[in-house]
Amino acid sequence: MVDTELFIEEAVEEIENEVGDANAVIALSGGVDSSVAAALAYEALGDRLTPVYVDTGLMRKGETEQVAETFSYMDSLRIVDAHERFLDALSGVTDPEEKRHIVGEGFIREFEREARDAEADYLVQGTIYPDRIESEGNIKSHHNVGGLPDIVDFEGIVEPVRELYKDEVREVARALGLDELVAERMPFPGPGLAVRVLGEVTEEKLDVAREATHAVEEELEAYDPWQALAAVIGKATGVKGDNRVHGWVVSVRAVESRDGMTARALELDWETLQRLQSRITGSQENVARVVYDVTHKPPATIEYE
Ligand code: XMP
């Protein structure tokens with residue numbers, strides 16, 4: 001484990017030295033890594049740091065509002081509502097890698113515009129140690145590690161948490177006084193809910209995945225999972241009231257892991273599973289079934305696409 005006080009002191013100093021009198025930007029995702037990187041950089045640079053949060057419409061329930069509140073102390077914070085542009089770009093697309101690519105590209109376009117506006121010479125990133133390993137191994141296109149450095153002609157990239165594991169980043173978040181909700185936040189992929197709805201991305205499927213993910217995160221809190229989520233994996237027949245319906249199938253996934261590179265599916269008790277099932281099917285008319293995913297990583301990945 002790291003000595004958090006010393007880490008913060010050294011990280012702030014490093015950012016000050018690297019950026020000097022210039023301006024910097026950071027893409028804020030709502031997750032703990034970029035939140036910690038932003039808080040460190042803001043301490044070093046003040047309003048010469050522009051944190052940019054792009055609302056892709058693929059975010060979790062309440063995420064945008066929470067980011068706005070947590071970082072309201074930063075006058076330079078920019079929140080970009082881009083959800084219509086993302087949904088348009090994803091319309092009709094079913095291939096998983098193409099979906100990832102579209103979200104990544106769209107994100108870069110939004111971010112690039114903001115970075116130019118802010119006249120930023122430096123890019124601050126919340127890259128952590130396991131991101132670099134997965135990215136080097138090229139296991140999956142991680143849009144938050146690849147594209148950004150290449151877009152604007154940045155003079156330099158600053159990655160203050162690059163040597164840390166997730167649990168260490170959480171400790172630093174607490175030491176920085178960031179909201180416990182941020183410190184405890186489960187990892188959430190760059191492509192967001194787009195990789196939690198199989199096939200075409202539609203508002204209806206996103207709403208189902210968003211509500212169900214919220215239920216799963218709440219109901220499984222006591223298990224303290226690395227990640228708990230819900231994905232919309234298809235349609236099946238069910239009975240609601242007196243009617244047969246053709247509704248969505250929601251798959252619940254809960255795993256333990258240290259770095260996301262391997263993971264074990266959690267053994268949940270039957271009562272918890274049933275409570276989840278009844279909450280999800282009960283609150284959403286168009287959900288016919290809930291299933292629990294018992295697959296470890298490998299062979300499955302944590303996300304569905
Ligand atoms: P997989 O699904 O590959 O995910 O087992 C491993 C961990 O990485 C997260 N993940 C991503 N994170 N950008 C990210 O920042 C991405 O494109 C991305 N894809 C997956 C996933 O949530 C899990 O924690």
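Glycine residues also receive a Cβ, built from the backbone N, Cα and C atoms like all the rest.
TrEMBL labels come from automatic prediction, so no person has curated them.
If you check TrEMBL, you get these features:
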type: BINDING; residues: Ser29, Gly30, Gly31, Val32, Asp33, Ser34, Ser35; note: ATP binding site
type: DOMAIN; residues: 2-185; note: domain 'GMPS ATP-PPase'
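In sequence order, Tyr53, Met59, Arg60, Glu63, Thr64, Gln66, Val67, Arg185, Phe188 make up the list of same-chain residues 6 or more apart from Gly30 (ATP binding site) whose Cβ falls under 8 Å from its Cβ. Val32 (ATP binding site) counts 25 other C-beta atoms within 10 Å of its own C-beta, drawing on all protein chains shown. Every protein chain shown contributes to the tally, and the Cβ of Asp33 (ATP binding site) ends up with 23 other Cβ atoms within 10 Å. In sequence order, Leu28, Val36, Ala37, Gly126, Val182, Arg185, Phe188 are the residues of the same chain, not among Ser29, Gly30, Gly31, Val32, Asp33, Ser34, Ser35, whose CB sits within 8 A of the CB centroid for the ATP site.
Its Cβ placed at the centre, Ser29 (ATP binding site) has 24 other Cβ atoms within 10 Å.
Of all Cβ atoms in the protein chains displayed, 26 besides its own lie within 10 Å of the Cβ of Ser35 (ATP binding site). When averaged over the domain 'GMPS ATP-PPase' (2-185), pLDDT in the model lands at 91.
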